Every structure is written in C-alpha cells, then in structure tokens.
Amino acid sequence: MGEAAMLPGQPLFASKGQSLVRTFTPFYFLVEPLDVLSVRGASVIMNCSAHCESPPRIEWKKDGTFLNLVSDDRRQLLPDGSLLINSVVHSKHNKPDEGYYQCVATVDSLGTIVSRTAKLTVAGLPRFTSQPEPTSVSRGGSAVLGCEVTAELAPLLRWERDRQALAPDRRVLQLPGGALLLSNASDADAGLYRCALDSGGTPKYSDEAELKVLPEEPQSLALLRAPQSLTRLPGQSALFPCVAAGSPPPQIRWTKNDEELPTDGSGRFQLLAGGTLEIRDVAEADAGTFTCIAESGNDTLEAQAELAVQVPPTFLKRPANIYAHESMDIVFECEVTGKPTPTVKWVKNGDMVIPSDYFKIVKEHNLQVLGLVKSDEGFYQCIAENDVGNAQAGAQLIILDLDVAIPTLPPTSLTSATNDHLAPATAGPLPSAPRDVVATLVSTRFIRLTWRPPASDPQGDNLTYSIFYTKEGINRERVENTSRPGETQVMIQNLMPETVYVFRVVAQNRHGPGESSAPLKVATQPEVQLPGPAPNIRAFSSSPTSITVTWETPLSGNGDIQNYKLYYMEKGQHTEQDVDVGGLSHTVTGLKKFTEYSFRVVAYNKHGPGVSTHDVVVRTLSDVPSAPPQNLTLEVRNSKSILLQWQPPPAGTHSGQITGYKIRYRKVSRKSDVTESVGGTQLSQLIEGLERGTEYSFRVAAMTINGTGPATDWVSAETFESDLDESRVPEVPSSLHVRPLVTSIVVSWTPPENQDVVVRGYAIGYGIGSPHAQTIKVDYKQRYYTIENLDPSSHYVITLKAFNNVGEGIPLYESAVTRPHSVPDPSPMMPPVGVQASILSHDTIRITWADNSLPKNQKITDARFYTVRWKTNIPANTKYKTANATTLSYLVTGLKANTLYEFSVMVTKGRRSSTWSMTAHGTTFEYAPTSPPKDVTVVSKEGKPRTIIVNWQPPSEANGKITGYIIYYSTDVNAEIHDWVIEPVVGNRLTHQIQELTLDTPYFFKIQARNSKGMGPLSEAVQFRTPKASGSAGKGSRPMDLGPDYKPPLGGSNSPHGSPTSPLDSNMVLVIIVSLGVITIVIVVIVAVFCTRRTTSHQKKKRAACKSVNGSHKYKGNSKDVKPPDLWIHHERLELKPIDKSPDPNPIMTDTPIPRNSQDITPVDNSMDSNIHQRRNSYRGHESEDSMSTLAGRRGMRPKMMMPFDSQPPQQSVRNTPSTDTMPAASAVPSAELPEPEGPFLPAEEEPQGPPTAHVRPSHPLKSFAVPSAGGPFDPALPSTPLLTQQAPSHPLHAVKTASIGTLGRTRPPMPVVVPSAPEVQETTRMLEDSESSYEPDELTKEMAHLEGLMKDLNAITTA
C-alpha cells in the first residue's frame, strides 16, 4: 500500500469576525507503483491510486517526463489511476518501455503530490553466458553443471535431463546464477543435461552435456564451487553454495564471523544439497562473513564470502502540516534512515525544490523556507532515495491572512524567529506607524535597527514590533519579531555582504498590527576578502642547488593580487625563510645538494595576506660528492695483497646516494695507475695480485650517479718480501700479564718473538684451579682481554696460546686470585674548617677555608681536591651547585644580586672523602634592577575623567629593596625620554594617581624601578586615551579633586598644580589675619615675661631638677580641658598619620613620600571621625611621656628625610624640628610645598646650618601647625607660626623648584595661613599657672631674636 502523506485536520476558528480557518485537506496515495521485471511482449500494470475529497487527476512520468497517454495505443490509464503497458517492446537498440515510472496526482486549486519511483526492468534477449560441459562424478559425490545467464533472466531458467523436465529432488539445486548442483550422485543421475530459457514464445535451449557417474574411487579433497559474496534486502533469501568433492565424501559446516552456525533445519539457516547454505528472511543483523569448512579425512578446506544487507529508505520523522503568515520563516522536518545512507530531495506541488537564498536544506534533510509569500502554499514532499529503493512523505502548508490567528499545532514547526503564536485579536484602535526607523549599526552580515514608538502610543510599553525586510528588487519579505514588549531595537542577522536591504517596522497591540513605517534602504558593508590559496603549486629541482616553484592565481580574493610571498624551509629544520615574488614562479638558489625542502605560497592583496597553500616537498638534484672518504687505512696481508679500509665522506657532503667507491693504486715508482670499483655499502677491499716487496700508493673516491667525487690523498704501503710461514704452529707468546679485580681479570700479552710464523689469533683458557674450564678466542691483532663474571676471592689458572690454520702453539700459564667482594671503605677525611664567605660584588663571593689534615703551613702537596657547593633558599626547592678547587679558596660567580647563599666545602683524596663542612652564609650586594616593572595598567578614575590611576607589579629582577619608581608619560611615544613628564613614586607603592590630564588624548606611560644602586630599565610603553568630556565646570577648568571633609582655605584656593590663582583682595585679607596673629603672639610673649620675673629661685631650681631627671613635664590637673588655638594651613587634602614613637633620638625616615599632589596623600574619608579620637589620645600619650623642653633637645630630634633625585649636592635643605612626637615629614611641613632638592637630602646631622624652621607640636591629627598643646609647658618664646625655609635672600620665591617634577616651571601660590583668635584670658592664665616658664631672661632674649627672624620670613611669604 502507498504511504499516507497527509494528516486530516480539524476545523479551527479565529475569533475576529468568526472567519473560518482553512483546514488541511487529506491528500495521499493509497497504492504506489512497485518495481517490476517483465519480458519482451508481455503486459505490465504499474499500480497507483490516490485519495482526496475531490477526485484527483492522475498522470504518469517516465524518467522525469510526462507521458502523453491520449494518443498512445500501447499504454493506457486505468480508471483507478494505474498504468497498463500492452506488449512490452524491447530490442538491442530500442528500449522504449524500460525505465523509472512515477505517478503524479493533482487536485486543482489545492496542489500536486508525486509517488515513489518504480523501476520497470525488461529481461534481455535470451542468451547463455556459459554452456554446460560434460562432467563425471563418483557415486555419492557432488557435481556442478554450469549454465550462466544474466541476472534478470535467471528466474526464467529451467533444467532438463534427457530432454525431460527435472523432477523436484532435495539432492538437486538450481543456483541463483543458473548453474545446476547435484549432490549424493547415483547411477540414475547419469544422462544428457541442458538448460532452457522461457522468455515468452519458443524456449531457447543450451547445448547438451553428458553427466557420467563413476564407481567410487579415492580422490583428494577439492572445492568445485566456492560461495560468492552477496548483497540482499531485508526479507529476501540468500544462497551460499559450497560444493566439495573428495573421498571419503566431505562434510560441510558453516561459521559466521568465526562462530558456528546452527544448520539443523529448525531456524532461518538451512543446509541444502551439497552443503549449500540458505538464509531465509534476511535481516540487517545477518550481515557478516560466512565461512564454509569442508572436511574429508584429515584434509580441510575453507572458503569465505560476505553477506551485505542493504535497507531501503524509511522515515523516522515525517513532515508535519504547517499554518503560517506571510513573511514568516518555516521548517519542514524530515528524518530518514537506510543503508546506504539515503539522499533527500524536496518536491513542492510535484516540482523539484532548488535550494536558494530562501529555500535551504538545513540539518541535512530539513527544508527551511524564509520570508513566506502566498504562492508558497501547497504540498511539500520529502523524497528519500538510496541504491535499493526510494520513499516519499509529504505535508501541506497553508498561509493564513494576517488578521487570522495561527492555531497552535503540536508540535509547531516555526523557527525561533517567528514562533510567537498570535493571540486572538479584539476590536479596537490599531497603532500608527513607528517613527524614526534608523540603522544604528551596519556590518557585513548584520544590521541593528532602532525606532521610536508610534505617535498613537508614545510610551509603547505594551507594543510588540515586527520588522519586515527583503533584498532590494525581490518581493519575498522576511520578518523578525522583537523579543519583549516595549523593545525598540532589533538585530537582523545572516545578511549578505555588500547588499541593499529594504526594512519596514510594524507595531502590534492587543487589537492587531498597525501601520507600517516608511521603507528604509540600508546597504551592508562589503566583506574584506583575502586571497585564497594559490592553486596548483608545484616545485621541481632545476639543479643540485636550486628549486623552481610555480603556482596559479588564487580563485578568490576581493581586489587584485599585489604580490606573493614564497616560504621555504629545509626539512627537519625549524626556521622558515621567505622571498617576495611578483609573478607566478620563482627559482630559489643557493640550496644544499640532495636535500629535501618544503615550499608554500601566500598571496597578498590590499587587505593583507591570504590563505597559505599546502606544503610541497621536493629534493634538490644529486651531484658528485663534495668531499673525499675519511680514515683510509692500509693493512699488508701478505706478499701479494693489501687490505684497504675507509669511512664514507662526512655527512652533508654526499650530495646524493653513494653508489660505490673508486679505488686507484699504483707502484710508487710508476705514474700509471690501476682503477677498481666497489659497491656502495662496502667500506673495505682486498687488493690482490701485487708484487713482493713493492711499495704501492692507494687513493679512494666516492661515487654517486652523477659521477666521482674528490679522492683521498695517496697513502702508501709495502708488500712483504716473503710470505709468513704457516707450515707449523706459532711459538709461545712472549709475555702474559694478569690483573685481578673482584669479579673479573684483565689479561694482556705480547705476540711471539718469532714474527715469521703466521698468527691467526689467540686462545685464552681459564678456570678455578684448571685452565681448561672455558676457552675464548680473540683476533690476532688483539693484545688484551677482560674475563668477566668470575667469583670473588677465587684462585684462577689462565693459559694463553697463539694459533693458526695448522693448530695451537705452546701455552703460557699464569694464575691470579680475584679480590674479596667487599673492600672496607677507607677512613673518611676531616672536613674543611673555618669556611668564610667574603662578598666581593653583586654576583661574586669568595669562599675561603682551612684544612686540618694539611701541615701547619697549609701547603697542598698531594692530589687532593676540594668541592664547594652552594645554594639559595629562595625558592625553597633550589638544587645545590658545585665546583671543584685545588686551592683553599674559590671564587663563586654568576650569583643573583641581593640574595642570601649558603656555602659548604668537602675534601677528596683518592677514594677517601670528608663530610660537608659547616655552612657559611653570605648575601650578595644589591645591584640596579635588571628588569622593568611588570603588568603596567592604566585606568581612568571613576567620576574623574582627568585623573588616571597607574598600577604595576614590582620587577621580577629587583636585585635589592625597591626604594621608588619613576613614571614617565608623554603624548608622543617617539619623543626622547628626557622630554617625557616625570612622576616620582617613593617607596614600594604599586599604584599612583595622575591628575589634570587633557581629555580625549592618548598618553603613553613607562615605569622604571629604582633601588639604592640605581635605576632599572624602562617598561614597554602602555597607551591610554583619556575619556571624552562628561561635563565641565567653567571655561576649560574643573573643580579640584577634594575630599568630603575639605574646607576651602581663607583667601584663595590652590590649583592642583600650584599655579597662582589667588586674587589681590585675598592677599589683603591674608595680611590682616597674619597681623592679628602677630599682635596676639606679642601679647602672649609680654605676659610670659611678666610671669617669668615672678618666678622664685626655688622654683627655678626645682624646675632645673625636673628637667635634668625627666627631660619633660608631666601633664597634670585639668589640662585636657584647655583648647589650644588652632593654626591651620590648608593645602588641598592633607591627611597626617601618626607613626609609632621611636626611642631612637634620630629616627631615619627614608620611606616618607614627598607627594607631587594631593593624590599622594590618602584622601580624608568619612571614617575619619572614629580615627580622630584614637589619634588624639595617642598623641596625648606621646606628649605626656616625652615632652622635651629645651630648644637644643628639640633640634636634636630632626628626622632624616631622604628623597634622592640627582647625585648633585643639595643647594638647599628643609630643616624640620618637631617635638618629641616623632611625626612623619608630611605632618610637620606640608609636603606638597617642600622645595625640590637638587640632590639627595642629607641626614639631619649633616645639614648645613640655615635659618631655623618652625617648631611643630601637634595634638590632633589635622592640627599639623598648631601652637603647643595646652597641657604641656607653654613656651612663650617659641614661635607658633610655621615657616618654610627660604633660599638665599637673593633668590626670588618663584624660582624654588617644587617636588612636582611633572610641572616644572609652574609656581606655587602663597601658602594661606589662618591665624585663630587668641584664647580667652582666663584660659591663658590657667595655662601659665600650669606651665612654668622654661627659660632664663638671657635665653628669652635669644628666643625673641629668633622670633623676629621668623616674623621676617612670614612677611616674605605674605608679600610674595
């Protein structure tokens, strides 16, 4: 029966207007035509019947062309649709009826379906490909009578005996090819046999052949007919003949894939006449190797045949009916199986679907239709075909109007782009057209569209959108839907490059789709096409040192080929060479002879290099060898022969395959020579027939097929005057020596004194107590031998005899005792002592030691030597390195800088060694870094586009403690390095901020590390483009980067780079404020003087005693309630961090950074409030412990502040005199205001004397320039205003270099100083009572003079 192609559908309704959804129409074949075998003149019916509500019109195709049955008198259409062919026509040159037939059913206005194709085969003219031949068979044996015909005639063949049809007999079997098999023969089987072909009309007979039945006689086992490999379909039968003859009659058994087959007759495997195997109802699992085994007596024969099972196509998944709207994409699915694997083609309404941009075969078998149009409706059929059959299955596509919802069919066959099922529409207003449709991203194969919601629904939150698009000039639109409501952009993928597309967008709400936007034309970008591989690359050797390579122009490539690059490489090497070529061939010269090279070609066009060709390998031509053979030696054998031996020429000079060697020789007295050649692998030759006592010269040259190479130099030898005597045995060897070891004895000897007797070799006999246990023979040239595998501590007797062809000569005897097995180890030596490591440089350490086993003068007179070993513990698994020395010192070089090594020494003398000595340690000196900082990255600071953050990692080869980094940056990567802007970073910090960069500008950054020994190499330049402006404050300026706690200073602000921005009136205010501060200080001083005079001498003594014992005053009473006046100096965001008090009176503060700008100082954050209390307490603690009162004592507490830039001596120094609270330098003087030193800072003790600086005693983390704390001794003579050290008076202030190296030439603004009001009188009085005066009147006078100096400095600042 035919396969049902369509499924009946149920009527479905859409809600809008109650319009009826068209249902799927059942339309399928009830009967499909099958393959037919016919004979000439017979009639044939090809069956076909189709079902549909409307009666279908049936037509027939033969070989793909419709048959015109109206005017055909032999072929006619039967009422059910079948095709009748009367009187089949078939001749050698006219075969009109044979071929492939297909039934086509059509229902007008619905569609067309086609059946499977059926093959009509017409048996050919009856003829025999082989005739029966006379045969004889033994009684009980088997015979085969041949009569072969073509495969289509085989079913029409029958046999006759004596012109009578053969009666059915289990012993007789007609084989598939037509031959007759007769088994277990009897006398009744004898007769004349012939075969007949009944192909309609008169039968055709073959020749007759006589079968004779002979008496049983001995016969060897032989196979008369072996099985042949077969191919069958499931359900068919397979017949494997296996006919054997022999005496006794052979037994036949079968195996499949080496497993015994059960042929007892109960299953599908049957054993027929003569051992033939029949497989009934073949299944796919029956495929395999079948072996026939014939056994007769002790003889066995085997024959094999393969059974292949082929399966016609069957459907695992049939296409399903589909509803769709126009512009949608759909997929008809079709899964098939079969053996061999079927091919699939698709038919629409009876016509073949040709794959195109819109009809695509996907996943091998499925049909995808893109951008549906109304004419795509109809019946689609999947036709699967392989070598053994074909099958079809189909489905219907119905395209609904846009206002009709798609019914949900399980499962849907819509693609992901259009699988949204439309909700039933309701009546209501539809959206207007989407606005401003634009392509925001256009690439080669995709386009991103964006639009604004329609004017009818400006929010557009509930709208979905369909985007319709098509190639310009093609009316087939495709559609893409947005993924979620309200989305106003879509990405259209899988477009073609350099193609114009037309887009329009339609909005949809719950009432349905609205107006379409105006069409938008967009052209995709052209795809950059690089050349493909050059076709037909060929290479051939044109000489021993050159190869010519040719190729053709690449087929692909957008743009003309500009040139080619030819790459070549010697086989086995790893370095490829290349040459630029303008044409399509090139000859590479200067190559090695007879050497393989590989070649490949890459084509270049304007876009760059294309795809490389595959490698072609060719060998240069051979040539004559370029060097002579090596190591030519002559050995005179006797008075008439000399043996030559040599080695081939050196590798690489053969220039080809060595085919042989040419030997030239001559008498030294003559110039003419004789030539003799030998084979290629032979490396020696015996030259015979020479004259006695004559000197001959020889030379050898190597040969290739190209000729003879250079010869060796002449080498001479003289034949013996007379031949050696071999009429008697050799004499006794002249000497024999033995040297016993533990398990072996070394035997050496000299030949007999009489050299006239031939010695062919030597025989060595040995054994325990007797020399006859074993014998070894060695060559006559050998002079020593080692006897192995002996027993320790055993007495061996050894004999040596010379021998020749006559016999062995007189033996020479010797005995030896092998050594005992375990020899006690010699006593160990004393290890070296006093090992010392002297560091000489960053990579060299000298190791010295003493040896107690030497005499006192430590002079080495014997053959002892010393082994030095060393290693470092970083990393932990480092292995020891060793070196030997013959003196008492060793120079270890090649060490890593700034690394701790451990060393030890041992001494060895003969077989005695010492243990390792005690270890000595040494750390190599530091050395300038030898690698740049790693992983340099630059990122923009969030919210601050003109500030960037540079991060890095320390160099892998720091060679010492990193003391700082220098960041170089520039907008020109090619500028000289001294023209780059420099940012110093002191200490081992790994991040740094740089401010005030220009927006939207590429900067290049390099970093170098430094340690105490110098600068390391610069890192590679890292590029960073600052972001574009995201909003600006004012004209080209922006607010300063300040923390949340920043209060603007009175009287002006500071530019981050220090450019003066203070207006004139702010300077006036500053002068007034400073003046008020000075008046306050003067009043305080007068009060202090008054109080001092009231002090009694008793109090002075008491105070002096306290000073001498404690060096400080203790805070007492309610001092904590007294608020000191705050003197603030604002400089951007200055955060001061307390550091732990050091008991060292001169703490060295080398790691104190001098920041270029505010970014070097940790910004004040909101967590400071909690820190302030802790810091305030900690400061009070420090002050109460160590509050020194003498000026000298305070000056002695200066911290060293090192910040080397250049090696010049300092032209000025910053002198800082803090109180006993050891503050960081940044807390004592605003670091960003420090003058830049020209050279390294000197330690405080070495500073040149200059004007005194401000005394600073902080009591609050931020009160860095406050007057002394109220709790301590109030010192009226001390200045409370911080001042900067000035340069010489002749230098104007703006010439002072700042620590901001990146802003050379810019000046700093005057430092704003805020002078707070004086404390209340009551408070002041309490201060004075609590703290007694610290100075005598003469001391006070000095302090007053000091104060006047400070006042002048203050005036200089305010007026600058």
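Backbone N, Cα and C define each Cβ position, glycine as well.
Automatic prediction, not curation, is the source of TrEMBL annotations.
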Ask   = Pick from 251-273, 458-480, 665-687, 1102-1124: which range does TrEMBL record as region 'Disordered'?
value = 1102-1124
Ask   = Considering pairs 6 or more residues apart, do the domain 'Immunoglobulin' (33-123) and the domain 'Immunoglobulin' (319-400) have at least three CB pairs under 8 Å?
value = yes
Secondary structure content of the domain 'Immunoglobulin subtype 2' (233-299), with strand meaning DSSP E or B = 6 helix, 30 strand, 31 coil
Remark   = Grouping DSSP H, G, I as helix and E, B as strand, the residues of the domain 'Immunoglobulin subtype 2' (138-202) number 6 helix, 24 strand, 35 coil
Message = Could you give me three numbers for the domain 'Fibronectin type-III' (531-610), the DSSP helix, strand and coil residue counts?
response = 0 helix, 40 strand, 40 coil
Query = Tally of helix, strand and coil residues over the domain 'Immunoglobulin' (319-400) according to DSSP?
reply = 3 helix, 49 strand, 30 coil
